[in-house]
Amino acid sequence: MAALKYAGMDDTDSEDELPPGWEERSTKDGWVYYANHEEMKTQWEHPKTGKKKRCAGDLPYGWEQETDEKGQTVFVDHINKRTTYFDPRQAFTVEDVVVKPKRYDGNTAALEILQGRDLSDKVVVITGGNSGIGFETARSFALHGAHVILACRNLVEAMMCNLASLRSVREFAESFKAKNLPLHILVCNAAVCSQPWGVTEDGLESTFQICHLGHFLLVQCLQDVLRRSAPARVVVVSSESHRFTDLFDSSGKVDLALLSPPKKEYWSMLAYNRAKLCNILFSNELHRRLSPHGVTSNALHPGNMIYTSIHKSWWLMTFLFTLARPFTKSMQQGAATTVYCAVAPELEGLGGMYFNNCFRCQPSIQAQDPSNAAGLWELSERLVAERSVGIQSL
C-alpha cells in the first residue's frame, strides 16, 4: 500500500480507475492504450492492473471516427455536435485475454499472418507487384479485402510506374492522387539485381535509381496522402546483403560516385548491396520525419533463398537458384515479413526498425547511423531536385 500511495494509486474507487495524470485512449483499430501526461509516455497495459484491453463492437449511432491535422484519431458525435479523443466504445471494452501477438518465423506464410484480418477499409500501393514477392504480397492483401494498387513498369490491373523514370514516378503519383483515395500502406518492393550496367533517362545508374531513388521520389510525391490517411505505414524491402558494402568516401560522406558509378567501375552485386543499404537508411530517416504525423516506416529482409525472377539478368545466378529451388522459401513465406510489417498490431506507431523472418534484428553499423541516413536523404533530395521541378519536400 505504501508503494501505491507513493505512486498516487491508493485513492481510487476501483482497480480500473486511472491514477492522476493518466488518460485512456484507443487506436483506430480499437486497441486501448494509456497516456501518462506527466511523464509524456504511452503504454498498452493499464497502469494499475497491468491488463490490456480492446474496444468491442461498432461505434454508437451518430458517431464517426476521423483523423485530425496532427494524425491523431478523433471521434465525432454528429448528434451532439462535439469532437473528442475518447472512443465511446471504451465504455464497453473487453480484456485482451485471447488476442495476443503471435510469434512468427521464417516458415510462416503471409496468409497465416493475415488470418482473420479484414482489410476492406485499407488502400495498399505496392511497387513491383506484378511478379515475385511483390505479387504474392499483393495477392495476400487482396484476398483479405484490401484495395490493392500495383505500381509497376508492366501494365497489369495496375497503374503504370517505372522507377527507372522519375517522370513516370511523378505521373503515377498524380494519377493516384486524382483517384482521391487514402493510402494506408505503401510497400516499396520493386528491385533489380545482377543487372548489366545501364543508365536511366535521368542519367543515373539503373540499379541505384530503381531500388532507391525512384522510391524516394514516390514517397515525396505521396507523403501528403500518407499523412492524411494516418495511421499509415511505409514498408521498405531491403536485404541482408546491405551488410557487405559501404556508401562513403574518405571523409565519411555519402559518395554519389559509388552509388552511380561509371561502367568501368561497376559490379552488379556491389551495386545491389549498396542500393539495399540505401533502403534501410531511407526508411530510418523517413520514419524520423513522418512519425510525428502518424506515418511509420520499417525496413526488412524477406528471407534467404527465395526463388524469384529478380536475378533473371544473370544466367549463373538463375542456374544456381534453379538447382537450389527444392530447398528455397516459397513466395508466400517470402512475402510474410512484408505483410507482418504492414499489418501487425504490435507495430502500430513503431518504426525505424529492421526485420528478418518477422523478427526485429539489428542492421549493419552503417545502417544504424543517423548521420548516414541524413546524408543520403540530402543527396537524394538534390538528385531529384536537379531532375524535376515542383516536388514537395518532407
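If you go along the chain as it appears here, the first residue is 1 and each next one adds 1.
Glycine too: its Cβ is placed from the backbone N, Cα and C atoms.
Listed features, source TrEMBL:
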- 1-24: region 'Disordered' (REGION)
- 16-49: domain 'WW' (DOMAIN)
- 57-90: domain 'WW' (DOMAIN)
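Per DSSP, the secondary structure of the domain 'WW' (57-90) breaks down as 3 helix, 13 strand, 18 coil.
Per DSSP, the secondary structure of the domain 'WW' (16-49) breaks down as 0 helix, 14 strand, 20 coil. Mean model confidence of the domain 'WW' (57-90) amounts to 84 (pLDDT, 0 to 100 scale).
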